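Annotated features in TrEMBL:
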REGION    1-60  region 'Disordered'
TRANSMEM  130-152  transmembrane segment
TRANSMEM  164-187  transmembrane segment
TRANSMEM  193-212  transmembrane segment
TRANSMEM  287-306  transmembrane segment
TRANSMEM  367-388  transmembrane segment
TRANSMEM  436-455  transmembrane segment
ACT_SITE  450  active site
TRANSMEM  461-479  transmembrane segment
TRANSMEM  491-509  transmembrane segment
């Protein structure tokens, strides 16, 4: 103890008399001594007046120091510790994720070789190289946009009554949904991928023209109310004070219509916020991202997802034979299904293999979905907005921090969320519906369009997408009641990672059975 005391006393004198830059870790020693004295609180004061060094520590007399080295504190992983800097653990997770996926990718290359084929992607859009049905459908969509515009022009000048205008809009909007669906179902030369592209364009057009009609109707109603007041009040309501502000019905021009149709939004306004200029560097970065991520997605789908899906067919074959019977095979189909299923080994029917294939598909599917989100909502929409000088760039919010399913659906796709809120949810509330009924209506409409975009191109109606969307309602209730905070966020991520591969496997398997196995079994 004497030696330690002498060493301690000399060390304290050194730290008090020398600058902090000299010696082996002088500042650390000084800080430890101050902390120990503060923690102990009962160190006896020396008789002589304390000598203060350059660092401000008082030189406690030789042989007098605090013997304690512990204090009241929580472990860092405890929530009561207040510690929140887990950057190293996050970096570790990223490194482990990269290494694990690199192993899977290397294993895939060794097992299958290089499967990436850009020519095959072109064939997904074309069966006949001289026939472009999807492109023709997209061009024809201009007819419906012009029809809606002409109806609004006549409503503005009073050539049509509101009832007649409403009827024409309803017919036009219904045709927008039915016409491309009929072409996709009846025309053999259109491919499933081309059908999806055309139907997505028509769905966007439907939502935009729905908003176009609503906003112009609201402007007419406001103008009618303003006319009932004085002329000065009418000018104030129309907003004529702003020099560059467009008021109704001056907005009814083809330039205004097509700006809205190409703008990255679903909600119409007479005066959109505009950015002052086109940032060329920003636009170039977005275009390079679009090009690179497009190639990356195609490569991952061909190299990673397609082999995994193909290997997932055997565990689902028993269910596929049942689908042949359900699809109208009758007794002949049932006998053929029994004969085909007799050749399957017990391992092919093992549900554990189904779960294993599902989890194996979850990783590439989720990675491609994340890449698609960044590619579409950040790269593509920002590029279009920059070209059109569209000022509102809020295409998504922090959905990755979602602690509830409801928060995720409200923040991952802001254009659709704004449209649903403005043209569906709030109008239902104004008509007297409860919030629960209005929320159910929004999910029902979303489920319809999800099924519309999947079942029609595949020429089969299984309602997996519809069921998955409607299942979000009880799922949101369960997650909000059972999980909070980080656990709720983990539950949302789990539903995203597992839920999507289930739907993908269901649709791909049913399409494979009906288009490839059904003709073989029937023969």
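Using N, Cα and C of the backbone, Cβ positions are placed for all residues, glycine too.
Those TrEMBL annotations? Automatic predictions, nothing curated.
Keep in mind the model is a prediction, meaning the values are calculated, not measured.
Counted as Cβ pairs under 8 Å, contacts with the transmembrane segment (436-455) are highest for 193-212 among 164-187, 193-212, 367-388. Applying an 8 A CB threshold to same-chain residues 6+ apart, the list for residue 450 (active site) reads 465, 466, 468, 469. Here the transmembrane segment (367-388) has long-range neighbours at 101, 259, 262-264, 275, 278-279, 282-283, 286-287, 289-290, 293-294, 296-297, 300-301, 305, 395-396, 412-413, 496, 500, meaning same-chain residues at least 6 beyond its ends whose C-beta is under 8 angstroms from one of its own. Below 8 angstroms of C-beta separation, residues 124-126, 133-134, 137-138, 141, 144-145, 148, 152, 169, 172-173, 176-177, 179-181, 183-184, 257, 260-261, 266-268, 416, 419, 422-423, 449, 452-454, 456-457 of the same chain, each at least six residues beyond the ends of the transmembrane segment (193-212), sit close to that stretch. Sequence-distant neighbours of the transmembrane segment (287-306) (same chain, 6+ residues past either end, Cβ-Cβ under 8 Å): 104-105, 108-109, 112, 114-118, 120-121, 361, 364-365, 367-368, 371-372, 374-375, 378-380, 383.
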